[in-house]
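What follows is a single structure, written as structure tokens, with notes after it.
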């Protein structure tokens, strides 16, 4: 029968094989075609690395199946894995190691079962069948290990309309994951969602654990309006500044925009609207500040109790 072998460069090789061929045999055929020594080849199918002595039939590899060929780099490399407790583990790996392999190495060192491990790199959760090379993880890169809590937990998400959504999550879920769950329930695209907890806007690549969001915590969902709006900021000297903002911008964001325009550090700014001083972690929407509203900027004098 015919099978296909796809390399990391995207090239696809066609091989004539039999179900009874061993993985060694397949590697020898690849060497004949491509000149790559078998000891530098790793073959992956359905997220599993294939062992030399086993047959294609053992792995249920049928006609026109596609295997993935990853090159085994000579000598390997070190990477670091940082846990939520701050401990750093050093691992000896190769670029061609799959995430499963890495989790197995962590289990060997730390005793944590792979099914309780979530690995994060550059804000992305790593999938078991992919390789370190797939994620461009290079020597001395640092991965973050989050424990997958058995059974998960419930959190609440409150919208500006007052509706409360209940979500089943785990501490190791990223903010991206949470936004995807909200999309599943409410149909709101993630790029229109801003999530706020304890006055902070939550960043996509971080986890609930990073923000100490625990069971039955309540997040606030603010919709990111496409295109935004203009508001005005009036100073005590009578000058009026125009800002481009979104309802979901926090007061911190607005102060940063004022700093960009006027050079006034945020810690010297006080913003007043409708007679109220605005708090940094809250959003414009929280204060019902709409397009063409006018805020008043008062400077906070250094050293004073004002």
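Cβ atoms are placed via backbone N, Cα and C, with glycine included.
The annotation domain 'Ubiquitin-like 1' is assigned in Swiss-Prot to 1-76.
Residues or ranges marked as domain 'Ubiquitin-like 2' in Swiss-Prot (evidence: sequence analysis): 77-152.
Sequence annotations record features per position, and here Swiss-Prot assigns domain 'Ubiquitin-like 3' to 153-228.
Looking at the domain 'Ubiquitin-like 4' (229-304) alone, the prediction's average pLDDT is 88. For 229-304, the entry in Swiss-Prot reads domain 'Ubiquitin-like 4'.
For the domain 'Ubiquitin-like 4' (229-304), the DSSP-based tally of helix, strand and coil residues reads 18 helix, 28 strand, 30 coil.
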